[in-house]
Structures are given as structure tokens and as C-alpha cells.
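Everything below concerns the one structure shown next.
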Amino acid sequence: MESMFSSPAEAALQREAGMPGLLTPLPDLDRVYELERVAGFVRDLGCERVALQFPDQLLGDAVAVAARLEETTGSKMFILGDTAYGSCCVDVLGAEQAGAQAVIHFGPACLSPPARPLPVTFVLCRRSVALELCVKAFEAQNPDPKAPVVLLSEPACAHALEALATLLRPRYLDLLVSSPAFPLPVGSLSPEPKPLERFGRRFPLAPGRRLEEYGAFYVGGSKASPDPDLDPDLSRLLLGWAPGQPFSSCCPDTGKTQDEGARAGRLRARRRYLVERARDARVVGLLVGTLGVAQHREALAHLRNLTQAAGKRSYVLALGRPTPAKLANFPEVDVFVLLACPLGALAPQLSGSFFQPILAPCELEAACNPAWPPPGLAPHLTHYADLLPGSPFHVPLPPSESELWETPDVSLITGDLRPPPAWKSSNDHGSLALTPRPQLELAESSPAASFLSSRSWQGLEPRLGQTPVTEAVSGRRGIAIAYEDEGSG
């Protein structure tokens with residue numbers, strides 16, 4: 001299940017060495033990778049060094065695309081083909097190390113704004129869509145021509161939504177077309193009126209309309225995962241969509257449709273269980289999963305305030321890629337919260353190889369903030385920026401004297417009554433002075449020290465003062481297969 005965060009470690013060992021072959025025929029490169037638009041982007045900026053970020057599955061075309069762009073723009077192209085948490089986020093750090101003045105991101109993207117103001121453009125690598133088959137599938141799933149429906153798609157199929165809507169509008173009166181929410185260029189003005197942005201998409205809602213009034217028709221399907229429940233783009237849509245509205249998906253190649261109601265129910269049940277685990281937890285580990293997405297520092301501070309307000313202890317862990325072996329070194333942590341981009345925030349299933357569950361920031365918000373979710377909002381947002389002040393979905397913590405904190409709460413897992421959180425001042429460092437001793441020593445009680453003393457193994461024993469002091473002597477010389485003090489036989 002760790003593959004949810006990045007490519008499995010075994011993939012590097014199983015991959016055959018050598019230059020990968022060309023995946024896209026040369027005549028189709030311009031169309032698939034939108035090279036004319038990309039070349040115009042580079043020329044308009046006047047960049048001399050540009051970073052081209054490719055996912056693993058598209059590296060076979062990287063050399064041909066870079067050569068074509070160098071020929072048409074005269075700029076130097078650098079290929080970025082390795083990222084720590086998959087390739088959906090813009091690798092700003094890698095681009096800066098190459099001295100690039102702009103980044104061109106190819107392939108699936110979470111469309112999260114980068115943490116640093118570097119010019120970025122996205123190429124979603126268009127996937128062919130059988131429009132006639134999709135029209136028949138839409139008509140079969142939506143017999144009522146007056147029902148409000150939103151057209152959604154995976155990023156690679158977004159180019160075909162307007163054409164699909166053109167074929168459907170003569171019959172369907174209330175049709176809304178979504179579009180990818182590309183980050184606005186630095187210094188540009190927001191359009192007026194500003195469309196609603198949710199799930200990495202923009203929705204041009206009419207005045208007085210709400211997204212919760214619409215059903216959904218999704219065109220696309222993940223080719224990377226054999227389990228559709230682990231498709232992060234579709235999963236975040238199913239989790240955040242209004243539970244009472246229909247949601248169906250359609251394969252862009254065959255037109256095969258599926259009602260996603262049952263899958264959405266399974267996903268919501270799984271996430272509600274994780275929220276209950278977070279409410280029962282006393283120690284929370286905050287995993288820093290991204291440094292290249294905007295507002296990650298503010299989100300980390302927000303999560304720490306949440307845990308403190310709920311009477312929980314939190315630890316910030318920067319471990320690189322989360323793996324079961326790394327997280328097993330922290331048995332005192334009850335749950336982990338992964339601070340990552342919207343696609344990486346969906347944690348793997350609890351039945352996987354991780355010893356403790358891994359949550360999304362929204363699930364910690366639901367567990368620690370008694371005022372969450374706001375009325376009329378589906379209780380799951382995958383982007384941590386939606387939880388911060390300034391977002392229309394931000395819900396401030398109730399004051400300490402609010403009755404919301406005193407509401408009786410029973411754990412649905414253990415059946416025990418949860419005590420209300422004990423409020424502490426911000427100057428409290430987690431230890432409580434008990435009694436001053438006559439020798440002017442101070443006895444303290446620390447939860448961390450109490451847990452350490454109860455562990456059967458507490459680490460390497462220093463044994464200070466119990467081992468004799470010896471003089472330094474010469475060690476072995478040579479290499480492991482032939483030390484000088486060993487025979488040559």
C-alpha cells in the first residue's frame with residue numbers, strides 16, 4: 001500500500017536498464033504533448049533553461065520531446081524523471097537545482113500551486129475519447145433531461161468535455177462542464193466572477209446555484225491501479241461529492257458505465273473509521289509529505305493547533321517516503337497524518353502493511369474540531385489548503401468555554417466514554433511539576449518518559465561508568481575481502 005505515496009522501492013530493481021523506447025509515434029508528439037503551446041510558453045517568458053518533468057510511464061518520450069523543444073525554442077531543456085512522492089506535484093526543488101527558469105509538467109497532475117513563484121505550465125497528455133459511446137452511456141445513466149448533471153473527467157480526458165457537452169445540450173437543459181483548475185500565472189488577476197474551485201477543478205456555477213444540487217458523470221479511469229478504489233483522483237471526487245446525488249463513471253474507450261454509489265459508500269465508511277481512530281488517539285504523528293506545495297507550513301501549524309486543542313500530543317516527522325519499516329519505529333504514535341498534495345493525501349487501507357493508520361488532514365480536522373463539518377458540506381476535503389483561514393470551508397475552533405467541547409462522546413470502536421479535552425496554555429511543555437523535594441530538586445511527570453519506561457526495549461544502553469577506559473589502538477586496514485591481518489588463502 002505504500003505505492004499510494006510513490007513508486008514501490010522494488011520497481012527500481014525490476015526495471016530493465018537502458019534507454020526506454022519511444023512510446024508515442026513521432027507524428028503524434030505535437031498533438032499528445034501540445035508542443036506548439038509549450039514552445040509559445042517558453043518563448044513568451046524568454047527562458048534560457050527549462051525543466052521538463054516526466055512521470056516514469058512517459059520517460060520513453062522525454063528525449064524526443066526535449067529535442068523537439070530545443071529545436072523550436074533555442075532554450076536548454078533539462079529532464080526531471082525522479083521525485084520523492086510520485087510525479088503529480090511540481091518538482092520545484094529539482095528545477096532550482098538545475099538552474100531552470102520555468103517548469104513544464106507532463107502527465108497526471110494534482111494542480112497544486114508550487115511553494116515558490118516559479119513559472120509552471122501543465123501538459124496533461126491527451127487521451128482519446130470515444131464521444132459517441134460516451135453520449136450513449138450518458139443517456140442511459142441520465143434519462144431525465146431536466147436533471148442537473150456535472151461533466152467530470154480524469155485530467156487526460158478534460159479536452160473532450162466541451163465537445164461531449166455540445167452533443168448533449170440539445171436534449172439536456174441543466175448541464176455543467178468542469179475544467180482543470182490550473183494555477184493562475186504569478187501576478188495575474190482572477191477572473192470575475194470567480195468560478196467555484198473544488199477537487200482540482202473549476203465549476204462555472206450560475207448565481208444562486210450550489211454544487212451539491214448536481215449529480216456527476218465522470219469520464220475516465222485509472223490505468224495505473226488494478227483496484228479502482230485506489231484511484232486517487234476518482235476517490236477524492238467520490239468522498240467529497242454530495243452523498244444524496246447520483247455519481248456514475250464511463251470508460252472513455254469502450255463507453256462502459258458504472259454506478260459509483262456502492263464504491264462511494266465503501267470509501268466513506270473507511271474514512272469514518274479512520275476519523276474514529278483519530279478521536280481515540282492520544283499521540284498523533286504529523287508526516288511532512290511535501291515541501292513543494294504552497295502553504296504547507298501554515299497547514300502544519302494548523303494541524304498542531306488542532307491536536308493541542310483536542311488534548312492530544314503531536315510530533316512532526318520528516319522521514320522522506322513513508323514506509324512500514326520507518327513508521328514502525330514509532331510505536332507510541334496512535335495515528336499518523338500525512339501532509340501531502342490532494343492526490344497523495346488519501347492514505348492506504350488499514351488492512352495494508354502499516355501498523356498504524358495514516359489519515360488525511362481533513363480526517364484529523366473532523367476528529368479534533370467539534371464544529372466540523374460546516375452545514376451543507378460533504379465532510380471530506382482532500383486538500384489541506386481548504387482547512388486554512390481564508391478558505392470558504394475553514395471552520396475556526398470553538399472557544400474553550402463552548403458547550404461543543406463538553407458534549408458527551410462515546411468511541412464507536414472501544415465503546416468507552418471519551419473525556420473532554422484538557423485545555424492547556426501554549427507555554428505548557430507537556431510536563432507537570434508535582435512536588436519540590438527537600439534537596440531543591442524538582443520531580444516531573446512526562447507522558448513521553450512514562451511511555452519510554454514502560455517499553456521492553458528502550459534503546460542501546462550507554463552503561464556510563466560501568467565499562468573500563470582503554471587506550472586507542474590501531475584498527476584493521478584494507479578492504480573487506482582482504483584485510484592486512486588476514487591470510488591470503
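Backbone N, Cα and C atoms are what each Cβ position is placed from, and that goes for glycine too.
Feature annotations, reproduced from Swiss-Prot:
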| type | residues | note |
| --- | --- | --- |
| MOD_RES | Met1 | N-acetylmethionine |
| MOD_RES | Ser7 | phosphoserine |
| BINDING | Cys89, Cys110, Cys341 | [4Fe-4S] cluster binding site |
| MOD_RES | Thr435 | phosphothreonine |
| MOD_RES | Ser446 | phosphoserine |
| MOD_RES | Ser456 | phosphoserine |
| MOD_RES | Thr467 | phosphothreonine |
| MOD_RES | Ser488 | phosphoserine |
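Positions of Swiss-Prot features highlighted on the structure.
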residue: Cys89; record: [4Fe-4S] cluster binding site; Cβ neighbours (10 Å): 27
residue: Cys110; record: [4Fe-4S] cluster binding site; Cβ neighbours (10 Å): 24
residue: Cys341; record: [4Fe-4S] cluster binding site; Cβ neighbours (10 Å): 26
residue: Ser456; record: phosphoserine; Cβ neighbours (10 Å): 4
residue: Thr467; record: phosphothreonine; Cβ neighbours (10 Å): 8
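A Cα-Cα distance of 44 Å separates Cys110 ([4Fe-4S] cluster binding site) from Ser456 (phosphoserine). Between the alpha carbons (Cα) of Ser456 (phosphoserine) and Cys341 ([4Fe-4S] cluster binding site) lies a span of roughly 37 Å. In the three-state DSSP classification, Ser456 (phosphoserine) falls within coil. Straight-line distance linking the Cα atoms of Cys341 ([4Fe-4S] cluster binding site) and Thr467 (phosphothreonine), rounded to a whole number, equals 50 Å. When the Cα atoms are compared, Thr467 (phosphothreonine) and Cys89 ([4Fe-4S] cluster binding site) turn out to be 52 Å apart.
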